[in-house]
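Student: As listed in TrEMBL for this protein:
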- 9-401: domain 'Major facilitator superfamily (MFS) profile' (DOMAIN)
- 21-43: transmembrane segment (TRANSMEM)
- 55-75: transmembrane segment (TRANSMEM)
- 82-100: transmembrane segment (TRANSMEM)
- 106-132: transmembrane segment (TRANSMEM)
- 144-163: transmembrane segment (TRANSMEM)
- 169-189: transmembrane segment (TRANSMEM)
- 220-242: transmembrane segment (TRANSMEM)
- 248-273: transmembrane segment (TRANSMEM)
- 285-305: transmembrane segment (TRANSMEM)
- 311-338: transmembrane segment (TRANSMEM)
- 350-372: transmembrane segment (TRANSMEM)
- 378-397: transmembrane segment (TRANSMEM)
Amino acid sequence: MRRPAPQPSSSVARVPGFRPLLAMSALGFSGYALLLPAAPLWAVHGGASEGGAGLVNAVLMLATVLTQTTVPWLLRRVGWRLTMSAGVLLLGVPSLLFMVTDQLGWLLAFSAVRGTGFAVLTVCGSSAVAALVDGPRHGRAIGLYGLSIAFPQLVLVPSAAWVAETLDFRVVFALGALPVLAVPFAAVLGRCLDALDAKADADAASFGQVDDQGPGRGRVLLALVMPSLVLLAVTTPGGALLTFAPQFAGGAGAAVAGLLGFTAATALARWGVGGLADRFGPRVFLAPLLAVCAGGLVLCAWAIAEGGARPAVLVLGMTIVGVSYGSLQNLTLVAAFAAVPARQHSTASAVWNIGFDAGTGLGSLVVGFIAAGTSFSVGLLTTAVVCVVAAAAVLLTRPRR
């Protein structure tokens, strides 16, 4: 949307607007993380099958993906402040409605509304990183932004199912409204970004560049295909693990430990790989990390296969998958921003987020229905094959030097 002005080599956290971005993201993703495992369990509580439970998060992600295509248009028409404020409200308020019923039809409707808000939060969050911070520091900025997203998941995803079943589902649903508290931070960040947009438009007008639209939409989307496919390949198993880990063989303790290992590895890897991405570029790491993800999934599948639960192996496998899951989130977003001009960063953010959420939704839907017909082990092995195919595609399409 704009090219940020060069900034001194200081902490990205000190960039104006970045701290409100972190606060908004942390509160928004807290609401998202709490219901990710709890909402499918609530559906099972109401009598839904494994496939029906998988639909809860699949509908959430479908609504997210469909809405994400409109967010760049909304930013241009109504601005950042109103768009982001509405988004966090749509994500947080419906969580309270889950207390009213456990019937699948209503849960799917509430999830769809939450998905529209989540779409706004995700696209605006990653777009704001590119708008606030200069390109040479995108990896570090995305890593820090990723911590604000991953830390709530580290704490809340493993504990949400335990709190729901040990205390009360209503506790989880009440806390799921935390995104409502992000409205003031969204407003502050929105004013900052709206001011940057206005300044960029004024500067462009003074130099007669208003009509310079850059490359066409088709070329922009083509440049984003590879990062999106890699992201889709790794978020599909990630979505399956986040949704179904509480239902795996091995008991609640193994599920909590596995989710803790997965989310901790995700947070640390997404943050830690940022400096490497800035130094070496993202592409060199893509295929190896996809292969690592496939290996971790094979361990998970073996751990929950018929014939005996292997809790320690499940925790190890989920932690390995988390390393790839977190690293590839950062690397593919850096690659997406690098592939397009600065004025197209909101489009790159939307496409990246569509890949992320489509993969998460596919993981919930496909693995859920495979498990209903066969087993969770078969479902996880299927996603491992997807990772191997994606790694081969990255290697075969490596650009010539």
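Think of each number as a place in line: the chain as shown, counted from 1.
Glycine is no exception: its Cβ is also placed from the backbone N, Cα and C atoms.
TrEMBL entries are annotated by machine, without manual review.
Walk me through where these features lie, including what they touch and how far apart they are.
Tutor: Note on the transmembrane segment (21-43): residues 13, 52-57, 60, 84, 87-88, 91-92, 95, 98, 102, 104, 107, 111, 114, 118, 121, 125, 128-129, 132, 144-145, 148-149, 151-153, 156-157, 160-161, 163-165, 169, 172-173, 175-179, 181-182, 185-186, 189, 242-246, 259, 364 of its chain, located 6 or more positions outside it, place their CB under 8 angstroms from a CB of the stretch.
With a cut-off of 8 Å between Cβ atoms, the residues of this chain six or more beyond the transmembrane segment (55-75) that come close are 1, 36, 39-40, 42-43, 48, 83, 104, 107-108, 111-116, 118-120, 122-124, 127, 239, 242-243, 346-347, 349-350, 353-354, 357-358, 360-362, 364-365, 368.
With a cut-off of 8 Å between Cβ atoms, the residues of this chain six or more beyond the transmembrane segment (106-132) that come close are 1-2, 4, 15-18, 21, 24-25, 28-29, 32, 35, 39, 42-43, 46, 55-57, 59-68, 71-72, 74-75, 80, 83-84, 86-92, 94-95, 97-98, 100, 138, 141-142, 145, 149, 179, 189, 192-193, 196, 333, 337, 342, 345-346, 348-350, 352-353, 356-357.
Same-chain neighbours of the transmembrane segment (220-242): 36-37, 57, 61, 157, 258-259, 262, 286, 289-290, 293, 297, 300, 318, 321, 324-325, 328-329, 332-333, 335-336, 339-340, 344, 347-348, 351-352, 354-364, 366-368, 379-380, 383-384, 386-387, 389-390, 393-394, 397, counting only residues six or more beyond its ends whose CB sits under 8 Å from a CB of the stretch.
Beyond its flanks by at least six residues, the transmembrane segment (248-273) meets 37, 139, 142-144, 146-147, 149-151, 153-155, 157-159, 161-162, 165, 241-242, 285, 303-304, 309-311, 314-327, 329-331, 376 of its own chain at Cβ-Cβ distances under 8 Å.
With a threshold of 8 Å between CB atoms, the same-chain residues lying at least 6 positions outside the transmembrane segment (285-305) that come near it are 230, 233-234, 237, 241, 248-250, 273, 276-277, 311, 313-314, 316-325, 327-328, 331-332, 335, 375-378, 380-381, 383-385, 387-388, 390-392, 394-395.
Using a Cβ-Cβ cut-off under 8 Å and counting only residues 6 or more beyond its ends in the same chain, the transmembrane segment (350-372) has close neighbours at 40, 49-51, 53-62, 64-65, 68-69, 71-72, 118-119, 122-123, 126-127, 221, 224, 227-229, 231-244, 329, 332-333, 336, 378-380, 382-383.
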Student: If contact means at least 3 Cβ pairs within less than 8 Å, sequence distance 6 or more, would you call the transmembrane segment (82-100) and the transmembrane segment (378-397) in contact?
Tutor: no
Student: Determine which residues of the chain contact the transmembrane segment (378-397) at the Cβ level, with the cut-off under 8 Å and only residues 6 or more beyond its ends counted.
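Tutor: Distant contacts of the transmembrane segment (378-397): 226, 229-230, 232-234, 236-237, 240, 283, 286-288, 290-291, 293-295, 297-298, 300-301, 304, 363, 366-368, 370-371.
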Student: Would you kindly list the residues that approach the transmembrane segment (169-189) from elsewhere in its chain, counting only those six or more residues past its ends and only Cβ-Cβ distances under 8 Å?
Tutor: 17, 20-21, 23-24, 27-28, 30-32, 34-35, 38, 41-42, 45, 80-81, 84-85, 87-89, 91-93, 95-96, 98-99, 117, 121, 128, 156, 160, 163
